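Swiss-Prot lists Asp270 with the feature active site, proton acceptor, giving sequence analysis as the kind of evidence. Residues or ranges marked as ATP binding site in Swiss-Prot (evidence: sequence analysis): Gly109, Gly111, Arg112, Lys131, Asp143, Gly144, Arg194, Arg201, Asp280. Among the features that Swiss-Prot reports, Mg(2+) binding site is placed at Asn271, Asp280, with the record citing sequence analysis. Positions annotated as region 'Disordered' by Swiss-Prot: 498-518.
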Amino acid sequence: MSFSPSIAGLSGPLSALSDALTTLHESAFARLGSVFLTRLPAAPLSAPYLVGFSAETAALLGLEPGLENDPGFAELFSGNLTREWPAEALPYASVYSGHQFGVWAGQLGDGRALGLGEVEHNGQRFELQLKGAGRTPYSRMGDGRAVLRSSIREYLCSEAMHHLGIPTTRALCVIGSDQPVRRETVETAAVVTRVAPSFVRFGHFEHFYSNDRTDALRALADHVIERFYPHCREADDPYLALLNEAVISTADLMVDWQAVGFCHGVMNTDNMSIVGLTIDYGPFGFMDGFDAGYICNHSDSQGRYAYKMQPQIAYWNLFCLAQGLLPLLGEKHEESVRGDKAIEDAQRVLGGFKNRFAPALERRMRAKLGLEIEREGDDGLVNRLFEVMHANRADFTLTFRNLARVSKHDASGDAPVRDLFLDRAAFDAWVNDYRARLSEETRDDAARAIAMNRVNPKFVLRNHLAETAIRRAKEKDFSEVERLAAILRRPFDEQPEHEAYAGLPPDWASSLEVSCSS
């Protein structure tokens, strides 16, 4: 079903936008039917205006540069125009369930997000979703709105993560408004247009499992297999193969997160993507000083989702997904043993998480240290570095970036990284072992530094950088949002003109707190 008739009413300067969006059509997920979703228009957003726009993401959708300047662009991506769409083309909120902070929360769902549809361009399909579009049947006690600060953070982090090479949802734009929204204080509303191949979560499978809807569970699994893992159809047990794909993509994602010091903050099962994307940017954080127990979410008082816990939590979440898939597993076995065999098969596949994650993280850490040749003792060298970093709260990003300056011959390049450690003697003891290890490498210092700088970013979205952009945006100055976005699109480049964005956080940054309140 094409949505083009519903937006063809756009006229004047917006006709180009209407033409560009003629490929917007009903998503394959929406075609699964009403048991999966509820259709409704977005809530009105008063006097919407553009805050941020990603030309890169627009290009994925086939949107030409300049369309964001059309007078009605903000009207469309605020959701305001959806009130004129026919009933069969209305946006939709999907229903799911899940475990939150380790506790079964029952039915959840898109409480403030609405799917617009799907765009196909250059052989790729992307779903569009408006986050902050108003109340839905799944909002529970929420108002369905997102606020400007959290919307800017999601926009910036979506783009930053993509350019770090980490699978993620993307962000097309942020639309702001002066419409008040009450949180701890009164803030203003905003809408982020998210873009992703799929927004299906572990929690979708948990929902239909918990409601004993095996028919819907099968339809959902078939949808994911058809769209993303068609090779699973050739397996002896296609649904077990789907679980295996989730194990692989989730393990790989955890390697990516841990390697850059990223902490998600709310790794509930309803915030886990079935296709291995980073999804639902809330109280996330890139750590500054290294702390293995770093907690980015002020609401996480027990540290369930601390940095060091993320791989373990990912495995736990996969266990919940496996449980949700159990009714579909083991169909190749005799009925009398099917249940037991399904559990055995699921446990075996889940065991692959550690086998995937641990070696991949070891390889990544060797790359971050510039160790091309694997040697016995490399793991110990990495672990001792983290111990010294933890004891000194040495900056995560700057430590790894500046290690590229260390020479295998002498201490002439040590200062930039050595100065990050209060206990210089402890660092010297480690770096001398590191230098000895580098002497076993065949690459020269220059070649090694180039390779290290390709995996150790100079620029990440530190909280204080986001906060500065947010404060200016609240004053209607959006230049810092776009400046920061541009810098984060080149995280591995030197960009000497932006050196201030790569430095240690200012003292005031230590007082910043992020929580689930957005």
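Each residue, glycine too, has its Cβ placed from N, Cα and C.
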Q. Reduced to three states, what secondary structure does DSSP give Arg112 (ATP binding site)?
A. coil
Q: By Cβ count within 10 Å, point out the most packed of the binding-site residues listed: Arg112, Arg194.
A: Arg194
Q. Taking the Cβ of Asp143 (ATP binding site) as the centre, how many other Cβ atoms fall within a 10 Å radius?
A. 16
Q. From the Cα of Asp143 (ATP binding site) across to the Cα of the residue listed as 'active site, proton acceptor', what is the distance in angstrom?
A. 19
Q | DSSP three-state assignment (helix, strand or coil) for Arg194 (ATP binding site) | A | strand
Q: Could you tally the C-beta atoms, other than its own, that fall within 10 angstroms of the C-beta of the residue listed as 'active site, proton acceptor'?
A: 23
Q. In angstrom units, rounded to an integer, how far apart are the Cα atoms of Gly109 (ATP binding site) and Asn271 (Mg(2+) binding site)?
A. 11
**Q.** Length of the line joining the Cα atoms of Arg112 (ATP binding site) and Asn271 (Mg(2+) binding site), in Å
**A.** 14
Q. Whole-number Å distance between the CA of Asp143 (ATP binding site) and the CA of Asn271 (Mg(2+) binding site)?
A. 19
Q | Pairwise CA distance, Asp280 (ATP binding site) versus Asn271 (Mg(2+) binding site), rounded so that it is a whole Å | A | 6
Q. Quick one: Cα separation, Asn271 (Mg(2+) binding site) versus Arg194 (ATP binding site), in Å?
A. 14
Q | CB contacts for Asp280 (ATP binding site) [other CB atoms within 10 A, all chains] | A | 22
Q) Taking the Cβ of Asn271 (Mg(2+) binding site) as centre, how many other Cβ atoms lie within 10 Å? A) 22
